[in-house]
Amino acid sequence: MSPGELLHGSVLIPMGVVLGSTITYSCDQGYRLIGDSSATCIISDNIVTWDKDMPFCESIPCEPPPAISNGDFYSSSREDFFYGMVVTYKCHVGSNGKKLFDLLGEKSIYCTSKDNRVGIWSGPPPQCIPPVKCPIPEVENGIMESGFGHSFSLNDTVMFRCKPGFTMKGSNIAWCQLNSKWNPPLPKCFKGCLPPLHINHGSYNILDKQFFPIGQEVSYSCDPGYTLIGTNPIQCTSLGTWSHAAPECEAKSCDAIPNQLLNGRVVAPPNLQLGAVVSFVCDKGYRLNGQSSSHCVSEGMRVLWNNTFPVCEWISCDPPPPIKNGWNSYSSGPIPLNTVVRYTCSGAFRLIGERILFCISKDQVKGIWDKAVPVCEYYNRNSLCPEPIVAGGYRDKRSRPPYRHGDSVTFTCNTHFTMRGNKSVWCQANKTWGPTPLPTCESDFPQECPSLPTIPNGSHTGERVGPFAPGLSVTYSCEPGYLLVGEKTIRCLSSGKWSAVIPTCKGTYIYNRF
């Protein structure tokens, strides 16, 4: 059912009023709510109705305005005062309307509210004070433009200008203040000029004067690094003005720079004035020999670049390290980026590691070889390596057991897994994979590892830990008299599997001789 209209207010009704719906009442500005601010739709005696009566909005009242001595207020009502009403104060006058008092303060105040509940007056009432009289304002060599009269009371205003050939010092407008004085002080008119304009990045030669006589000359000069543009000197004329506008100081420019840098580029601003910065960038494969930027600075009365311009040098690698029982394809001379070097072992030796190395740069400054140098091991025909397992990944199908000394295996990670480490390993003479550890395949969506069982005659550091997040390590230990067989520490991988099989604790046997 509709709640009806609220005079001088509004009703907030939700979309689709149903049983249990709540409406909210609010009043317009200047009115306050009398009654409950909300009502709920209920059933009472089998009738759908609102649980509370509708409130009403009444105008916010104010207390009567404060009375003042030697004066009174005027308004549309002397008894009732509501939001928005204005009262105006006036001071008493004598017979025939003679002024007896000056009104000090705002003559009108109005009824308002801070909380939309309680009415307050907008400010304090004014005061009626004995009349304030200011002396007749006189400015030598000045002419009054407004405020003419024979007497001057509180807040009266006068305006002046100087006679031709005279210059004004001070404000051309003054007000009669409570202390019977003019504020700001009355101006002065004098023959001459006011101080000339100050200029950015420069100054003039006479700084200790407030007035300049007719005929006085002033010379400007600029700070180091700037050039004077305009007429200099300037002279005070008989009209009380300066003969010319103040000059300006314009920043000097540094010498032009070559717009090309061999094997690089120059980044320069539109102009090369004092403070300009020029940057130098080398092409890929080259590095700067010198500073990466140069600033236009002042030195005495000149401006110049603070750094000499650099050159772009070839980034090169050091000669590839030699290997025992083998050689590489490097002969002599500089080694630029992207150079390929191949390693080869002597006939009875097997290469362990990457055969091909590339000259690269990670910082665009120094060249380095992209992989570790391989080694040449004497061939061991009896060396067989176990099947290498990488959780979350698989080996290249071209590699298959048996894995003999010098054989390599390359791994690829499953979808949504990322490899950490070198993708290839080699079967070494000691029957292990190397020269780097097996890579790991970490899940792009890390999974928790299953709980670890306790082992007979032993324990582990994760017995009170859970869940097992990727990266968490657990260390096993055995009771006295037992020996740990297997990996002492295993780690939870991002694939949700443990890095090694769970170790066991085996008893040790002690034989006594009788």
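Here the Cβ of each residue, glycine as well, is placed from N, Cα and C on the backbone.
Copied over from TrEMBL, here are the features:
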DOMAIN    1-59  domain 'Sushi'
DOMAIN    60-130  domain 'Sushi'
DOMAIN    132-189  domain 'Sushi'
DISULFID  Cys162-Cys189  disulfide bond
DOMAIN    191-251  domain 'Sushi'
DISULFID  Cys193-Cys236  disulfide bond
DISULFID  Cys222-Cys249  disulfide bond
DOMAIN    252-314  domain 'Sushi'
DOMAIN    315-378  domain 'Sushi'
DOMAIN    383-443  domain 'Sushi'
DOMAIN    447-507  domain 'Sushi'
DISULFID  Cys449-Cys492  disulfide bond
DISULFID  Cys478-Cys505  disulfide bond
Rounded Cα distance in angstrom between Cys222 (disulfide bond) and Cys236 (disulfide bond) is 21
Expressed in Å to no decimal places, the gap between the Cα atoms of Cys505 (disulfide bond) and Cys249 (disulfide bond) is 89
Just the number: how many Å between the Cα atoms of Cys236 (disulfide bond) and Cys189 (disulfide bond)?
15
Cα-to-Cα gap, Cys162 (disulfide bond) vs Cys492 (disulfide bond), nearest whole Å
93
Taking Cα atoms as reference points, which of the disulfide-bonded residues Cys189, Cys193, Cys449, Cys478, Cys492 is nearest to Cys249 (disulfide bond)?
Cys193
Work through the disulfide-bonded residues one by one (Cys449, Cys478, Cys492) and name whichever has its CA nearest to the CA of Cys193 (disulfide bond).
Cys492
Would you count the other CB atoms within 10 A of the CB of Cys449 (disulfide bond), including those on all shown protein chains?
22
According to DSSP, does Cys193 (disulfide bond) sit in a helix, a strand, or coil?
strand
Tell me which residues of the chain lie with their Cβ under 8 angstroms from that of Cys492 (disulfide bond), as long as they are six or more apart in sequence?
Glu448, Cys449, Phe468, Ala469, Pro470, Gly471, Leu472, Ser473, Val474, Trp498, Ser499
Cβ-Cβ distance under 8 Å to Cys478 (disulfide bond), same chain, at least six residues away
Asn457, Gly458, Leu484, Cys505
